[in-house]
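A quick write-up on the structure given underneath.
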Amino acid sequence: MADTAPQLKRKREQEAEEAETPSTEEKEAGVGNGTSAPVRLPFSGFRVQKVLRESARDKIIFLHGKVNEDSGDTHGEDAVVILEKTPFQVEHVAQLLTGSPELKLQFSNDIYSTYNLFPPRHLSDIKTTVVYPATEKHLQKYMRQDLRLIRETGDDYRTITLPYLESQSLSIQWVYNILDKKAEADRIVFENPDPSDGFVLIPDLKWNQQQLDDLYLIAICHRRGIRSLRDLTPEHLPLLRNILREGQEAILKRYQVTGDRLRVYLHYLPSYYHLHVHFTALGFEAPGSGVERAHLLAQVIENLECDPKHYQQRTLTFALRTDDPLLQLLQKAQQERN
């Protein structure tokens, strides 16, 4: 792919999501900028405790392991490692078949044959995301869970969801590190520095920047105190319009992808509570892009133009894990209303 930055590392959670995929939420594991120099994992040893989740379709596996067991702590420390096969790079894929590739025949029948092909090192990298040290919350986050849909009224948000969120220790220091250029400054694709209506645009962890099919960037607003969709009012329209227009323009300039080939949306519930907007390739089924979580930014802007209190009053539907305490609280309120 032309005019793309080299693959770099970054830690956010993701989360995700969805992530819903390790999302930009995995950032909690560190704030250092990416580097092309040889690096080491931030721990020694890795003894697998449990496979938290795996997907043959997505070529990804989430592992819980014990590390640093040789440091004198007999119990070691917890870490989560996410291993993901990277997508093919179209401009390099022909190299897999030139010369004498290393092959192992699986079967042959008439015109059909299947092989295991062992690619050269530069075409066989595995994206590795590390969460270390990992807490019980991280282990639960990455473990496969059953989901349930729940409808949250405006009153539910004010009396249940918001107090619950405020009671949790949800650090977003990694977000401030990006905004303050303490981490990942070299990864910023575009910035509007206005403290009220500006933002930074940065590649999401789920995109390795080697092809456009799964393009994924995040716009993070400079203004602090806007937690989610629920906080938005007409006061924030200049910010939202800037993100939509300038974000699309920056992506067109850098990646030659036009606005009508982008899906631009917010999550609710978000994976972290500092306003951010997702930019993904329209043909990419990104985690969290389903109707129960994604809200198109253009529609959000129009809703606020029509009704200043739209997101304070509207009932919003989203999915929660069955073991999420917030689900129990909202279900109880729903039962009492019925």
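Every residue, even glycine, has its Cβ placed from backbone N, Cα and C.
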Checklist entry - Where does Swiss-Prot put N6-acetyllysine, among K66, K104, K137, K309? => result K137
Next on the checklist: Do any residues, 6 or more residues outside the motif 'nuclear export sequence (NES)' (141-153), come within under 8 Å Cβ-to-Cβ of it, and if so which ones?
Outcome noted: 13, 15-16, 25, 52-53, 62, 64, 80, 82, 131, 160-161, 292, 315-323, 327, 330-331, 334
Next on the checklist: Cα-Cα, whole number of Å: H276 (active site, nucleophile) versus D204 (substrate binding site)?
Outcome noted: 11
Checklist entry - Any idea what the model's mean pLDDT is for the motif 'Histidine triad motif' (274-278)? => result 98
Checklist entry - Which of the three DSSP states, helix, strand or coil, fits Y273 (substrate binding site)? => result coil
Item to check | Integer Cα-Cα distance in angstrom, D204 (substrate binding site) to S100 (phosphoserine) | outcome: 36
Next on the checklist: DSSP on the motif 'nuclear export sequence (NES)' (141-153): how many residues come out helix, how many strand, how many coil?
Outcome noted: 2 helix, 6 strand, 5 coil
Checklist entry - Whole-number Å distance between the CA of K137 (N6-acetyllysine) and the CA of V277 (substrate binding site)? => result 24
